[in-house]
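Below is one structure, written out as C-alpha cells; the observations come after it.
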C-alpha cells in the first residue's frame, strides 16, 4: 500500500506549498512551506507545523506568538502539489504583522493598498514570551 505522503508531488527541495484557511469563513490566512516531516507531524498532532526555509527547521505555528493553528482538515489539490489546511486560528491572528491574514493588501490604482487593520502590535506579540 502506498504511503499517503508518497502521493504528494514534492518540489525539487522536498517541499510543498501549504495554504492555511479559516475553517469557518474560508478566508486565506497564510501560505508557508511543508516538508514530509512537517506534514506528517501536522496530521498526527492536529496543529499546523511548517518548514521554515529561512531558519532551516520545523516551525510550529504559534510557538513564539501563541497563535496556534488547530487543524480541522487537510486537502490535496488535483495535481497533488499544493496542500490546504482548514484551521482554527487561535487568537485570530495568523500574520507576523499582527493581522488576521498575511493577505492584507489589495491591488488598487496601480499600487498595493493596506485594507486590514493591525489587531495587535507585533512587538507585543513576540515580546510576550509565549
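Including glycine, each Cβ sits where the backbone N, Cα and C put it.
For reference, Swiss-Prot has these:
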- 77, 79, 81: Mg(2+) binding site (BINDING)
- 78, 95, 102: Zn(2+) binding site (BINDING)
How long is the line from the C-alpha of residue 79 (Mg(2+) binding site) to the C-alpha of residue 102 (Zn(2+) binding site), rounded to the nearest angstrom?
25
Minimal Cβ count within 10 Å, across the binding-site residues 78, 102, points to 78
What same-chain residues, at least 6 away in sequence, bring their CB to under 8 Å of the CB of residue 81 (Mg(2+) binding site)?
8, 9, 11, 16, 17
Using a 10 Å cut-off on CB atoms, tell me which of the binding-site residues 77, 79 is the least crowded.
79
Can you tell me the CA-to-CA distance separating residue 95 (Zn(2+) binding site) and residue 77 (Mg(2+) binding site), as a whole number of Å?
24
Give me the Cα-Cα distance between residue 77 (Mg(2+) binding site) and residue 102 (Zn(2+) binding site), rounded to a whole Å.
21
